[in-house]
Amino acid sequence: MNRDIGKNAERELVSILRGEGFNAVRIPTSNSSPNPLPDIFATKENTLLSIECKSTWENKVKVKENQVRKLFEFLSMFTMSGIPIIAVKFKQIHEWRVLIPKKAEDIVVTIDNTISIEDLFKILEKSVEEKILTP
């Protein structure tokens, strides 16, 4: 991903997250850092999102194992509940899609193996409500 395109996608996603009530920041040095830093991290309630951000005109994008591993390693530094996320802006459909990886491995992210970012927000909201209502 071109560096400027990547920055713009990250900024757009931070704006979307903030619009949904998250505290979200972009970490501009994440790729070059030896530390396990995601492109973006966001918090809301007791949930921490560690996000690898991509943007493509293609119908798929490959995310390398070391990028996915950084998401898990970043989350392991915190005691709060964390979710690793790969967020991809598929430009041909003008839509952000997300995938929650289960382990650190090379992953090919497609429109078909992801959910919309709106669906992610619904899942997270439901999860928060269940935690509040469960004694």
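Glycine is no exception: its Cβ is also placed from the backbone N, Cα and C atoms.
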With GLU10, ASP39 listed by Swiss-Prot as binding Mg(2+), identify the candidate in GLU52, GLU58, GLU65 belonging to that site.
GLU52
Just jot down the residues in the same chain as GLU10 (Mg(2+) binding site), at least 6 apart in sequence, with C-beta under 8 A of its C-beta; none if empty.
ARG26, ASP39, ILE40, CYS53
For ASP39 (Mg(2+) binding site), what is the secondary structure state per DSSP, taken as helix, strand or coil?
coil
